[in-house]
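As given in Swiss-Prot:
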type	residues	note
COMPBIAS	1-15	compositional bias 'Polar residues'
COMPBIAS	16-27	compositional bias 'Low complexity'
COMPBIAS	28-41	compositional bias 'Polar residues'
COMPBIAS	42-57	compositional bias 'Low complexity'
COMPBIAS	76-86	compositional bias 'Low complexity'
REGION	1-96	region 'Disordered'
Amino acid sequence: MNTKNFTPQESRTNAQQVRQQNQQSAQGTSSGFATEFASETNAQQVRQQNQQSAQANRMSGATAGGFNTEFASETNVQQVRQQNQQSEAKKRNNQQ
């Protein structure tokens, strides 16, 4: 087993280096995540996509948003009316 005693200058941890790294880390902590997030988000591209989406919604006649448009596009109104009429007819027949 190696039991060599280290002098302060030979210590395994370089205190000055640790202080410097901590300082650099602290400086980056306040804005590091925000900077990374901003660098991965192309604001111009997002604006362009939002504009295209808004134009598409205006062209399709959407009033309140995408969900209403999607719901309406997947609902066959004529089929629903027909089913409602059949249901009402069955109710009338059952009441007689």
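Cβ atoms are placed via backbone N, Cα and C, with glycine included.
The DSSP breakdown of the compositional bias 'Low complexity' (42-57), given as helix, strand and coil counts, is 15 helix, 0 strand, 1 coil. Each residue in the compositional bias 'Low complexity' (16-27) gets a DSSP state, and the totals come to 12 helix, 0 strand, 0 coil.
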